[in-house]
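Below: one structure, written as structure tokens.
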Amino acid sequence: MTTIVVLGAGVSGLTCALQLAKRGDVAITIVAKHMPGDYDVEYTSPWAGANVLPMAVEKDSRWEKRTWPILKHLAKEVPEAGIHLQKARVYRLAKDEPTDFKGPLDDSLFATDPWYQKLMDDFRELPANELPHAGVRSGCEFQSVCINTAIYLPWLLGQCVKYGVVFKRAVVSHISEAANMSHTGKKADIVINASGVLASRLGGVMDATVQPARGQIVVVRNEAPNNMMTTSGCDDSDDEIVYSMTRAAGGGTVLGGTYQLGNWDPNPEPNVAVRIMKRAIELHPELTGGRGIEALSIIRHGVGLRPYRKDGVRIEKERIDGTWVVHNYGHAGWGYQGSYGCAEAVVDLVDEAIAEMKPAKRQSKL
Ligand SMILES: Cc1cc2nc3c(=O)[nH]c(=O)nc-3n(C[C@H](O)[C@H](O)[C@H](O)COP(=O)(O)OP(=O)(O)OC[C@H]3O[C@@H](n4cnc5c(N)ncnc54)[C@H](O)[C@@H]3O)c2cc1C
């Protein structure tokens, strides 16, 4: 049996642990400072919307392509996972021409004729009479999902427990410490590093190319039909963005947001919060029945730090102090919508590591 320690209980660590545990013949321990149920600025996953809006360019779209069918299945067949189907609208602003609609997120979501129209069901370009105002030059709509992270993360944890994963709360200062934290008492054969934005501060990793992309949100009780949307930018600031979505099962409506690189500030900024709410009401006055932002019923203000990595996600293995470490961090703003694709790649790397360990194990018996 292979002994594995997963460092991190965000969506990345939980999904990897679950996919590995389902295969059997592994003893898995998840070690984490923060667990589902916690709200802390160092723990990104609870703060996400979260929805599926494909962001990668097509050549890097493997993670999103492999994840989408699984999230769609969960939305349709597993209601207790807290995911529901929702139409998504992507608006391309006239002011963002002629940059092929690359807004502050610098992704291909806003491209005209996007690759993902082949992936997402019911894709259609919106006719002019369905665009919200004159500043929106064009837009599209497709079937997506919205994940209530307050339900989905505990659901993932429960699934892991069902398949035998053991959870341990601990703070690790060096990645090598994790190898000695298996519940079996044995040294781990493999450590999976799913430490998110804290990969920038973790001994043995200290990835200086990881930094937060700070996202401020307002979660409200108000709901409106067809409100899951985003725009290619906004007039207020280059590091502010516009999106909204209503979470499944009474999770409220999430209004966003910001994308502030290098900013670790955990405190919601009041002026930004007002701008977030104003922009949401401009696009969806029906959220408050035409009564303006004063009629928004606020559940909470929040800040989450997307784990941005300059060269994109790191999914690779390396030996650190004699133990195989498989890295899976740096998912920026797409950690949910790429979670199963990334976990699949992690499983492949775990298999490679096991294969490479076998000769060493045989030799040690001689
Ligand atoms: C406002 C906002 C909106 C977003 N919207 C979306 C969306 O709509 N769709 C989408 O797909 N994604 C979205 N994201 C991005 C998504 O939330 C992240 O990509 C994802 O949550 C990253 O998950 P993770 O598991 O890698 O990191 P985290 O959730 O941060 O988990 C890291 C884990 O590692 C543990 N850890 C780290 N270091 C240590 C240590 N030294 N010792 C012990 N434990 C440690 C932590 O305690 C934690 O358990 C959004 C993010 C934000 C902030």
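Placement of Cβ uses the backbone N, Cα and C atoms for every residue, glycine included.
So that you can see what the record holds, here are the features copied from TrEMBL:
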SIGNAL    1-17  signal peptide
DOMAIN    4-349  domain 'FAD dependent oxidoreductase'
BINDING   THR44, SER45  FAD binding site
BINDING   ARG306, GLY333  D-dopa binding site
Intrachain neighbours beyond the signal peptide (1-17), with Cβ under 8 angstroms and 6 or more residues off its ends: 25-32, 34-36, 43-45, 48, 149, 152-153, 156-157, 160, 165, 167, 172, 175, 178-179, 181-182, 184, 186-196, 328-329, 331, 335-336, 339-340, 342-343, 346-347, 350, 354
Assigned conformation of THR44 (FAD binding site) - DSSP reduced to three states: coil
ARG306 (D-dopa binding site), number of other Cβ atoms within 10 Å: 25
SER45 (FAD binding site) to GLY333 (D-dopa binding site) - Cα separation in whole Å: 10
Local confidence of the domain 'FAD dependent oxidoreductase' (4-349) - pLDDT mean: 95
Protein Cβ atoms within 10 Å of SER45 (FAD binding site), excluding its own: 27
ARG306 (D-dopa binding site) versus THR44 (FAD binding site) - Cα distance in angstrom: 6
Densest Cβ neighbourhood among THR44, GLY333 (binding-site residues), 10 Å radius: THR44
